[in-house]
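As given in Swiss-Prot:
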type	residues	note
DISULFID	Cys278-Cys335	disulfide bond
DISULFID	Cys454-Cys478	disulfide bond
DISULFID	Cys534-Cys587	disulfide bond
DISULFID	Cys612-Cys615	disulfide bond
CARBOHYD	Asn60	N-linked glycosylation site
CARBOHYD	Asn435	N-linked glycosylation site
CARBOHYD	Asn549	N-linked glycosylation site
CARBOHYD	Asn604	N-linked glycosylation site
CARBOHYD	Asn664	N-linked glycosylation site
TOPO_DOM	19-682	topological domain 'Virion surface'
TRANSMEM	683-703	transmembrane segment
Amino acid sequence: MQLLCVFCLVLLWEVGAASLSEVKLHLDIEGHASHYTIPWTELMAKVPGLSPEALWREANVTEDLASMLNRYKLIYKTSGTLGIALAEPVDIPAVSEGSMQVDASKVHPGVISGLNSPACMLSAPLEKQLFYYIGTMLPNTRPHSYVFYQLRCHLSYVALSINGDKFQYTGAMTSKFLMGTYKRVTEKGDEHVLSLIFGKTKDLPDLRGPFSYPSLTSAQSGDYSLVIVTTFVHYANFHNYFVPNLKDMFSRAVTMTAASYARYVLQKLVLLEMKGGCREPELDTETLTTMFEVSVAFFKVGHAVGETGNGCVDLRWLAKSFFELTVLKDIIGICYGATVKGMQSYGLERLAAMLMATVKMEELGHLTTEKQEYALRLATVGYPKAGVYSGLIGGATSVLLSAYNRHPLFQPLHTVMRETLFIGSHVVLRELRLNVTTQGPNLALYQLLSTALCSALEIGEVLRGLALGTESGLFSPCYLSLRFDLTRDKLLSMAPQEAMLDQAAVSNAVDGFLGRLSLEREDRDAWHLPAYKCVDRLDKVLMIIPLINVTFIISSDREVRGSALYEASTTYLSSSLFLSPVIMNKCSQGAVAGEPRQIPKIQNFTRTQKSCIFCGFALLSYDEKEGLETTTYITSQEVQNSILSSNYFDFDNLHVHYLLLTTNGTVMEIAGLYEERAHVVLAIILYFIAFALGIFLVHKIVMFFL
């Protein structure tokens, strides 16, 4: 429905001065016209603060033709509208029959019984919360005042600045349209402004005369348009460093669903962050395009909600879409220091937190993958209203433990598992970044399992994803692991050697991976581990393995005040390798734990499958030249049996060693399988010698009697 309101001001002249007596209102709704006359005094009572003088100035009906023509000539006109036939997706799914309808403004305990209960949220109250703020959508400043009437309304916005306030971007949005405005102040103090407007053509704001949208529209398809508003001078200035592919920008904004579009933008930002684009952002096409796309991601969610009118929005869709926006909000805050106002519903957050309170977090890993992801998304969305943080970590850890137990050893994560763990990781990330986690075992277990999943093949898969720009580079357990040994040379040796991969792209992928593992990141800190206080030289730590009752700190020097000290002294490592168990989180009283102990060898490693005698232990492998390879945490008999029945131990490579780390702080090297093989080979050789000797003796006896 399009509503056109035309105010006719009737001026009565009294003593040479103009005064407003009444307002004549003409309403034209889809061809049906109505006329009303409202006394000004009555209108002022209903709308206090409404100034007739301001209305008169804004209408500018006395503007002469020359001024109007000059204003028209200043504004940039497109060379032509790019018409594209695009398929517009059905974003919000139909609400299932029997769904509980929830009013976002009236969420109370017990409104939904649990995760299995279908539910939806009424669109109108939800939209009102998303666009709660009142602000100036269309400012009374040039060039906007040349083209639009000033507009204040309920809105949301994304705002950021680069180089102080020299460059600013604001993506202001209603549920109808988005206006992304770039503003740059030059060294001379000149200000250049350019705006991109996206939305349904029929819902775009009214224009001043003599403008029309066809001359301003860059791209159009079906219901949607992309409009440029700037002056010719400002356009020429921006064109020096901002030449966006408007066709691609517009096509993605129209054809992608809200959640998939937000994920696309998130992936761009992750890659940008890894390349250092956050620390030193370039004012180029890629950066400026990404800024606009960030605001489009937020707009598409609010727009989809608004398009349902007086309907109801499926809660699963809301959980998925607002999870993506939450993650996106986190990274633009970290990357650009961006501010997001609005696009947040306290009703949705409260409902999500209440639903999570009905779930036994420690049993979350036993649910289906679909329910795990739904619950973890709700946990992220409802985090501000959750209250109890440790329970959420327990849920993410339960899901990770379940995935770890059924994951093949040393294999990269498959797509579905990577997505599930990516969703769960943001519960952990939020607590680490907000510095609210206490010394809980759940977080230690989460990081231990992440460390165990960070194998050479997993690293290779992530590097491939980063080099090709695919989603496999978006998340890896390595990002939340306690591995600190991954250098550039080591990562290059793990990178896939494929003809399709450009070596420059691989090199950039390695740099990005290293950037993601930077110790300056909050999520790479191990401050929450009690044994952390026993470490004096953090730059010498290679890996931390927190087991039950003992934490092993592997380092390249002896400066760890642990309960004991082991050294891999029989190797040819270019740098030393020390293992310091910290038992019951108690540091040694002295500077170090004394002289290194000899690591004993197990010559007969038993292949038992009847009981889990190694549960709670960890296996650590290292190469005499390359250093640490990987660690495996034995969580169950299935994991133990998988280790014993597979080719886990590569004893053909005599330069690789396997250490067993126990829960009492003891370290042992496993060499039994190699010794078994040697005994078998020796037995075969002795049998062959005996057989040959027997044949020789028989030959001599036969020859003697002949």
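Cβ coordinates are placed from backbone N, Cα and C, and glycine is handled just like the others.
Distribution of Swiss-Prot features across the structure.
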residue: Cys278; record: disulfide bond; contacts (Cβ under 8 Å, 6+ apart): Leu272, Ile334, Cys335, Tyr336
residue: Cys454; record: disulfide bond; contacts (Cβ under 8 Å, 6+ apart): Ser476, Pro477, Cys478, Ser481, Arg483, Thr630
residue: Cys534; record: disulfide bond; contacts (Cβ under 8 Å, 6+ apart): Ile553, Val560, Arg561, Gly562, Ser580, Val582, Cys587, Ser588
residue: Asn549; record: N-linked glycosylation site; contacts (Cβ under 8 Å, 6+ apart): Ile583, Met584, Thr663, Asn664
residue: Cys612; record: disulfide bond; contacts (Cβ under 8 Å, 6+ apart): Ile634, Ser636, Gln637, Gln640
residue: Cys615; record: disulfide bond; contacts (Cβ under 8 Å, 6+ apart): Ile634, Thr635, Ser636, Gln637, Gln640
Next item on the list: Using a 10 Å cut-off, grab the number of neighbouring Cβ atoms around the Cβ of Cys335 (disulfide bond), all chains included.
Entry: 19
Next item on the list: Name the secondary structure element type, per DSSP in three states, that contains Cys335 (disulfide bond).
Entry: helix
Note to self: With every protein chain in view, what's the tally of Cβ atoms within 10 Å of the Cβ of Cys587 (disulfide bond), excluding that atom itself?
What the structure shows: 18
